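First up is the structure itself, then whatever we jot down about it.
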């Protein structure tokens, strides 16, 4: 059974990790341990580079805390221009897979708060009245009326981040 470290305590992100591992490796083949680690970037990362760095740093920190695990997974959400998105980083042994999620264009009212230094989750909770919306459906779920959720969008990106770990062609290339 794989020991998977989720470098997050956010239930929406943990659910996405679980769904991706179910799809790629099968239910019952892993156990997820969530841990709280620092991303070494601001609470609300701005830009592609800062957000990707946050996901990578989470994995690096998780490996230091739980070096005996099989997988380490970092998920970092960020803002670029007028959109929210996230980076997924998965490491297994010396193999790393990365993927960026789909993006959602945010309304100016939300962006104004972010420009003033507040987090997207805070702005969404204020706008919607939903406490901890960032740990539930997120902005994605709210603005798509539940057609997509934070979990469903991250689930897809996590499957893509797992490709270098499980696909035979990648394994052959990594063995060379």
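Quick reminder: no glycine exception, Cβ is built from N, Cα and C everywhere.
Quick caveat, the model's predicted, so the values are computed rather than measured.
Its Cβ placed at the centre, residue 10 (substrate binding site) has 22 other Cβ atoms within 10 Å. What Swiss-Prot lists as substrate binding site is 8, 9, 10, 11, 12, 13, 68, 69.
Its Cβ placed at the centre, residue 38 (Mg(2+) binding site) has 10 other Cβ atoms within 10 Å. Annotation source Swiss-Prot lists Mg(2+) binding site at 38, 68.
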Rounded to the nearest angstrom, how far is the Cα of residue 38 (Mg(2+) binding site) from the Cα of residue 13 (substrate binding site)?
16
If you count the C-beta atoms lying within 10 Å of each candidate's C-beta, which of the binding-site residues 12, 69 ends up with the smallest number?
69
